[in-house]
């Protein structure tokens, strides 16, 4: 059956980052970061627009939601990270930086925010005392692309243009381990429940054991990859990159299961939803697209359409069954 993505329009520049919230009592949500400086919040299963966070004066490079989707955080080229009320859309906190901010991540309890960016420094802010000076961790020799809380928020993982991914101890603020790469890392996804870490660089998609940081497996894509995401149940990996295509790979064998073009520009970010039923992609073309993991299933705005012969057979069966069933 044919994959029919849902297109989420509204942004006017390239979409460079996206994040899903976990499942909440109100469903799950999707936030997108865009160079138009206007991050957007959407319903995660349908892509329906909920609201736009207005206040940044430059491109937004990173966006995330906290665990219960009540707060959002964004990282921008205006040298700030901002924290927002994700229910009302109000700006709550502005955190001034010395250079472009690229990455933001909440702790599980939402009490701390981690930032990283062009000035090569990791910063930890206390959300209960945002005016206080942040804790700072230095060591990278080039811009930080992504910074994530790790290992129950006891550690931090950061990816940089210095071609390294580094693990830091939160208390001592010292480097615990370094992974060295031949080229700059393009994306990094941490799945605590699956104890997995997914890293992309060049054309390579690599899966690491999250506890030991040992390489489990890696495989090559046909084009440079900008982002990859692991299915919550480790069924498959999806990836997107410079050739405008999305690729799906078998988790166990690394075999390419399918590929398709839906965007009209390079794919910058891709993420599975928390229930694993869909994945979202953001592109240079200014759109987000939602794709079904199992094509043909009734889910969200997708409706299962039975093949014509099945519909005919079912109609005949109903007719022959008599008036009780038809009624």
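Here the Cβ of each residue, glycine as well, is placed from N, Cα and C on the backbone.
Database features, via TrEMBL:
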- 53-94: repeat 'WD' (REPEAT)
- 94-128: repeat 'WD' (REPEAT)
- 137-178: repeat 'WD' (REPEAT)
- 260-292: repeat 'WD' (REPEAT)
> When DSSP states are grouped into helix, strand and coil, how many residues of the repeat 'WD' (53-94) land in each?
Replying inline: 0 helix, 22 strand, 20 coil
>> Please report, as numbers and ranges, the same-chain residues at least 6 past the borders of the repeat 'WD' (260-292) whose CB is under 8 Å from any CB of it.
In response: 3-9, 11-23, 28, 30, 32, 34, 36, 42, 44-47, 187, 189, 226-233, 235, 238-246, 299-300, 302
> Under DSSP, the repeat 'WD' (137-178) has how many residues in helix, strand and coil?
Replying inline: 0 helix, 24 strand, 18 coil
>> Please count the residues of the repeat 'WD' (260-292) that DSSP assigns to helix (H, G, I), strand (E, B) and coil.
In response: 0 helix, 19 strand, 14 coil
